[in-house]
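Sequence annotations record features per position, and here TrEMBL assigns transmembrane segment to B:20-43, B:64-92, B:104-123, B:135-153, B:173-195, B:263-291, B:303-322.
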Amino acid sequence: MKISLRSNPLYATIGVLASLFAIASFSYDGFFSLRVIANLFTDSSFLGVTALGMTVVILSKGIDLSVGSVIGFTTILVAYLVQDAGVSVPVAWGIALVVGVLFGAGMGALIVLYDLPSFLVTLGGLFFAKGMGFVISSSSIGIQNGFYDAVLNFQIQVGPGAYLGAGALAFILFFVFCLYLLKWTRFGRYVYAVGGNEDSARLMGLPVDRVKIGVYAFNGFCSAFAGILTTLYMGSGNPLTGVGMELDAIAAVVIGGTLLTGGIGGATGTLLGVLTFAVIQTILNFDGRFKPAFLRIAIAALLLGFILTQRALARGKD
Amino acid sequence: MSEAAEPTVSKKSLRDNPLVWPLAGLALVIAFNLVTGPEFFSVSVRDGHLYGNLVDIFSQGARVMLLALGMTLVIATGGVDLSVGAVMAIGGALCATLVTNMGYGLYAALPITLLVVGALGFFNGAMVVVGKIQPIIATLILMVAGRGVALLITDSDVVKIQNEAFLYLGKGYILGVPFSLWLVAAVFVVMAILIRKTALGLLIEAVGDNEHASRFSGIEAGRLKLIVYAVCGVLAGMAGVLDAASVSAADPMRVGELKELDAIFAVVIGGTALTGGRFLLFGSILGAILLQALTLTLYNAGVPAAVAPVPKAIVIVGVCLLQSDRFRKQISNIIKIGGKAS
């Protein structure tokens, strides 16, 4: 029973992803190619990293609405440090990651220590990070830097005309890391335990508070990391980037079969969810008839479908 | 616990009166403005209309007040509606498109719009009640899709509004007072009467306090929630129409952006707990006024509009902390220790 419950949503995700890809391959010339597949990873690298962080938060039965703003803040912070403050790129990235972790840990501490609802605290975080981004600079800062060019030019050929860039590779490596983190580390198992049933986790003597703060700190790291990838992708920093990204990330996680009630799901599903997202986006690019507005509606429809499926599965369990 | 057993009435009533916090916040904002620039309070009459910052606070705050009134009911039932910003966009876009592009009169377009946004709210409610989805997630779906729908309605354009009756909604005055404010007052009075003079308020609070128990006592919790979400949708759509009217255009991307947060903020600071149960409509109005006063004060102090979210965030989290029992206990411990030391 437990096995079917865990794997069923994943099968549904695989089914949706495969059929979307198959339909698109038949409908559009040149869709079925290694180049398109490689681009799926490139285009979704920052959403992917964000969604992986969100997966851990949702597994612990929390939610983090601040990720989009933290991404925007990170892009402008990095661009400012590199371009205007003359800090070397690795140091700027390090600072951004530390700020992300501290910000996440701060929100986690508020949630855990004062028993505040996570969505409210992270809503405050959303406002805060958004405003702080504009404190640094209210307009976009372009990044012209030798190191950035070198990273941008770095790519691995995976097939004829198909390349994986630094962003895509970082996403794939980070996915493997998250897989390891959730499956084979103590922290990962604690996250599942806390999300599954916080009270019994506490009774078992697990450090529930520390795990929950750790989850938000980890997600802060992921958001900052995604922000850095965004600067690579766009070659600039802008406090407006990342608006609405939290919704895309939550949608990708849910489509990937992670239950919003916590404790069930994982990184593999999220990877598939992110790729589904990217496939829909690619289809919209291939087909001029669809307006960009359809992306939101299609994602919302998928989200609704998956949530209802999850409900049905959960009811089957009762 | 022992303190609770023998309540000291005078002490308890002041500290536990939820209206204390928004009023204290307002007092702070007013004090700040009295010190930095008393001209903040000047109200003049031009062309028979009232002008001045104080009037702006109310007229610009009218939209958030409408959102907050609906949100209060939803939160009172133990839910939350994240889609109000997107529903605002749909309301503004639909009404403007009907009037400007399709030649409808306002008297036809407005009821159609309110019917549609009401149906959207009903859809939210149905997912919460029938689909048994957590409210945050159920309303997230419309939050994601709503802006796309608004873009489809206007064909990704900004719709300009020239219809006089429509513009009157956002720019008109009655007896020198903005029309939008009369509208909010009317909505508030109707809601207050329905809620306090009938059992409706009691029923909503019962559902929010303990849905299970309320069902055992014969309350149709599901139907009540459906109505509440539908009302929230209607008020959000109305706020979108007002927004479009006040700037003479409906921009599907911008209308209602982040307004869901403003609405939740106004409700929480107004003393309605996010966990549901007891709610205060007037508190939410005060919360909306505080929010608008804070925003306007920041603008006057030269804080760029884009940076304004930072102090807003600090206030939100601060208010939440003040409402947290653990934080209060820590603070009172610190005060006690300090008192002993001296």
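Each residue's number is its place along the chain shown, starting with 1.
Placement of Cβ uses the backbone N, Cα and C atoms for every residue, glycine included.
Counting only same-chain residues 6+ beyond the ends of the transmembrane segment (B:173-195), those with a CB under 8 A from a CB of the stretch are 45, 48-50, 55, 58-59, 62-63, 65-66, 69, 73, 201, 204, 235, 238, 242, 246, 281-282, 285. When Cβ-Cβ distances under 8 Å to the transmembrane segment (B:135-153) are tallied for each of B:64-92, B:104-123, B:263-291, B:303-322, the top count falls to B:64-92. The transmembrane segment (B:64-92) and the transmembrane segment (B:20-43) are not in contact, since fewer than 3 Cβ pairs between them lie under 8 Å (pairs 6 or more apart in sequence).
Same-chain neighbours of the transmembrane segment (B:104-123): 81, 83, 87, 90-91, 94-95, 98, 142, 146, 163, 165-166, 226, 229-234, 236-238, 240-241, counting only residues six or more beyond its ends whose CB sits under 8 Å from a CB of the stretch.
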